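**Student:** Annotations per Swiss-Prot:
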BINDING   Asp470, Asp590, Asp591  Mg(2+) binding site
DOMAIN    398-639  domain 'Reverse transcriptase'
REGION    1-184  region 'Terminal protein domain (TP)'
REGION    185-387  region 'Spacer'
REGION    299-345  region 'Disordered'
REGION    388-729  region 'Polymerase/reverse transcriptase domain (RT)'
Amino acid sequence: MHPFSRLFRNIQSLGEEEVQELLGPPEDALPLLAGEDLNHRVADALNLHLPTADLQWVHKTNAITGLYSNQAAQFNPHWIQPEFPELHLHNDLIQKLQQYFGPLTINEKRKLQLNFPARFFPKATKYFPLIKGIKNNYPNFALEHFFATANYLWTLWEAGILYLRKNQTTLTFKGKPYSWEHRQLVQHNGQQHKSHLQSRQNSSMVACSGHLLHNHLSSESVSVSTRNLSNNISDKSQKSTRTGLCSYKQIQTDRLEHLARISCGSKITIGQQGSSPKTLYKSISSNFRNQTWAYNSSRNSGHTTWFSSASNSNKSRSREKAYSSNSTSKRYSPPLNYEKSDFSSPGVRRRITRLDNNGTPTQCLWRSFYNTKPCGSYCIHHIVSSLDDWGPCTVTGDVTIKSPRTPRRITGGVFLVDKNPNNSSESRLVVDFSQFSRGHTRVHWPKFAVPNLQTLANLLSTNLQWLSLDVSAAFYHIPISPAAVPHLLVGSPGLERFNTCLSSSTHNRNNSQLQTMHNLCTRHVYSSLLLLFKTYGRKLHLLAHPFIMGFRKLPMGVGLSPFLLAQFTSALASMVRRNFPHCVVFAYMDDLVLGARTSEHLTAIYSHICSVFLDLGIHLNVNKTKWWGNHLHFMGYVITSSGVLPQDKHVKKISRYLRSVPVNQPLDYKICERLTGILNYVAPFTLCGYAALMPLYHAITSRTAFIFSSLYKSWLLSLYEELWPVVRQRGVVCTVFADATPTGWGIATTYQLLSGTFAFPLPIATAELIAACLARCWTGARLLGTDNSVVLSGKLTSFPWLLACVANWILRGTSFCYVPSALNPADLPSRGLLPVLRPLPRLRLRPQTSRISLWAASPPVSPRRPVRVAWSSPVQNCEPWIPP
């Protein structure tokens with residue numbers, strides 16, 4: 001049935017004779033449909049012209065929202081956070097894969113090396129303050145969302161997915177270290193690594209000098225202060241500048257000599273080392289920055305608990321005695337991570353209590369409330385004092401490694417949303433790394449093959465038994481190099497910065513946090529903390545502290561992640577295909593599809609793949625494993641041997657949305673955008689395709705309103721109620737060729753020549769399209785040869801609207817192949833000339849696969865015939881499945 005038959009008969013401006021002519025033979029009707037006058041008359045009848053600006057736009061329909069009507073995100077206080085298994089790929093993944101699947105191809109090795117480890121080094125990175133770590137997307141549930149997001153981040157850290165920043169050069173995490181992390185290892189399971197101990201022994205002189213400076217600051221008997229030290233050095237530098245007798249290296253040597261002289265009871269001097277000051281400078285000055293860093297980090301690297309102030313002072317006194325007694329030993333060096341010492345200098349103490357490793361006040365908010373009097377009936381003091389032991393302020397992982405300089409900042413904010421539109425009971429973490437997709441920090445992501453609708457039909461439209469697998473937390477399987485951590489930082493500002501009035505307390509030199517912390521004591525915060533304590537218990541104290549974390553596994557908010565995941569899963573699918581040539585294995589992102597000729601054979605393959613993947617460290621989500629039979633549900637489509645159709649839920653959704661569209665009201669372009677995005681998904685299955693939505697496209701590009709008429713709305717409903725499958729392309733030889741000129745057309749086949757003229761001149765692209773439609777109508781060929789690139793592309797939205805809709809209906813399921821004009825046998829008949837007698841060019845269609853293959857050209861694998869397979873199976877006779 002003609003797609004415009006009912007529509008043309010309902011248009012009063014078209015007479016009966018004109019309607020019969022438009023619905024008549026294609027050689028007469030198609031040139032008329034390309035006429036500009038007819039398209040304007042139909043557009044006026046359907047009210048498809050853009051409305052005037054004085055009309056008031058509609059910004060919301062029953063199901064779709066437009067401009068100025070953003071839907072507020074819904075927060076679920078009872079969100080269930082997912083539990084992540086121990087996601088750790090095998091350390092020798094490539095060697096392990098070769099044991100299972102034989103020698104790998106070059107492409108498979110290249111894809112695996114891209115992911116093991118993944119590398120992300122943008123040219124520029126913007127850093128944001130920690131106050132922007134958790135986005136306030138739910139103003140009515142700000143505190144609940146704050147603690148839920150912090151708990152989600154700590155859950156990821158406990159699963160080994162995140163690094164925890166200890167200081168600017170040290171990271172800690174839980175789990176097993178990878179081989180590239182072994183090179184940066186500092187501590188593993190509470191024991192110092194050998195390489196780290198060796199480097200500390202080599203720099204014992206530098207660390208000892210840093211300890212001497214520490215003792216010098218805390219000793220009252222030493223008359224020389226650090227200010228005098230800097231003045232002496234500056235005086236020497238000024239004198240050397242005036243006289244020109246002292247160089248910069250001599251200034252550094254004098255500084256080291258002065259550090260050695262101010263030692264309390266130390267016997268290490270330059271003269272006793274048996275070397276000249278120049279030699280001493282060469283051995284020590286290279287580590288002078290490390291010495292300064294060791295001194296600074298030793299002041300700020302302590303991890304305290306809210307109740308351990310007395311024990312810390314006792315430990316620090318005993319530790320100071322140990323340092324003074326061992327100061328004469330050459331091999332001794334103080335540890336880098338120790339508890340805060342009780343410095344006698346008030347200036348040093350004030351600097352130490354201001355900032356911790358993450359750049360936040362080290363004064364624990366929990367301890368502050370515990371030590372102060374309650375300010376009222378809703379003071380947080382009542383909650384804090386209910387427990388004697390709230391646990392540590394922070395934790396340390398099993399492994400500590402060195403890292404590049406990691407600032408006290410973040411590169412992206414985080415927030416929680418529903419796991420998917422159909423599951424609002426579970427939460428999902430969203431990481432906003434959008435800075436790498438815009439502005440001067442934009443990164444051009446690599447492209448990879450994505451299967452379109454025709455590719456899926458060509459690859460998977462077969463009569464096989466199907467099974468779909470889902471990789472659990474697929475992105476978090478792929479590790480990232482520790483050098484990329486400074487670019488992928490997330491964190492929490494802590495409860496002390498939760499209130500906006502406390503945001504400036506870290507910049508206040510008087511450290512007025514204790515004076516302003518009671519601004520948190522409100523009835524809402526108090527009641528929310530009581531409910532949160534019922535949920536998290538003692539962990540509430542840990543979640544209230546600030547922290548900075550970096551991704552150890554691949555995050556989902558970076559454009560590089562889909563590319564790397566696609567490479568990883570496609571390499572796995574290629575290896576499985578080589579070892580099971582009798583089955584179909586297809587992977588797209590985290591979805592893996594298996595196909596076999598019998599269900600028993602499919603079960604055997606599934607059990608083997610599950611055991612292999614589990615041994616490699618790849619976790620499959622058993623709950624999402626689905627057996628489809630002969631009807632595969634994949635990427636929202638139903639794929640069978642007869643073709644591809646959309647799932648019923650998408651068809652019902654489109655029908656509901658179209659029926660809810662109001663008639664004769666100007667809808668803003670944002671509503672048109674969202675409605676067109678929904679209709680586009682099913683448009684390839686309709687008779688007119690994307691061309692039916694051209695009036696909506698015109699309104700969107702013009703950024704103006706669009707008015708749905710009752711005729712246009714009913715016509716769209718009739719189109720989307722009748723869907724046709726997208727069938728698989730066949731590899732056939734082209735035997736029909738078409739060509740056209742502005743005044744005529746020509747068709748050549750193996751046994752006849754056809755030609756004709758147009759009643760009026762047409763654009764060359766329009767004439768070529770009409771010639772292709774005539775060739776399809778008169779010969780029924782599903783493969784046509786043409787020399788016009790516009791027709792070859794298959795995109796008909798640039799033609800007149802009526803012609804584009806009818807041409808899409810006629811050419812549905814038709815493929816094209818390019819033939820040069822000099823070799824096109826229909827070229828001369830289109831010009832009204834007799835053709836040259838010569839054989840037709842032999843052109844064969846290759847079905848479109850979008851650079852996606854279902855087989856792997858690789859070294860041959862030795863055939864294996866399992867004896868345990870007793871049923872009739874292709875494995876016994878080694879009959880391979882040949883893809884289309």
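A Cβ is built for glycine as well, from the same backbone N, Cα and C atoms used for every other residue.
Walk me through where these features lie, including what they touch and how far apart they are.
**Tutor:** When secondary structure is read from DSSP and collapsed to three states, Asp590 (Mg(2+) binding site) falls in the coil class.
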**Student:** Give me the sequence-ordered set of same-chain residues, not including Asp470, Asp590, Asp591, with a C-beta within 8 angstroms of the centroid of the Mg(2+) site's C-beta atoms.
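**Tutor:** Other same-chain residues with Cβ inside the cutoff are Ser468, Leu469, Val471, Ala474, Met589, Leu592, Asn621, Lys624.
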**Student:** Does anything in the same chain, at least 6 positions from Asp590 (Mg(2+) binding site), have a Cβ under 8 Å from its Cβ, and if so what?
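**Tutor:** Same-chain residues close to Asp590 (Mg(2+) binding site) (Cβ under 8 Å, separated by 6 or more) are Asp470, Val471, Ala474, Phe475, Leu565, Thr569.
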**Student:** Any same-chain residues 6+ apart from Asp591 (Mg(2+) binding site) with CB under 8 Å of its CB? Would you list them in sequence order, or say none?
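**Tutor:** Expected: Ser468, Leu469, Asp470, Phe634, Met635.
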**Student:** Where does Asp470 (Mg(2+) binding site) sit in the DSSP three-state scheme?
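**Tutor:** In the DSSP reduction, Asp470 (Mg(2+) binding site) maps to strand.
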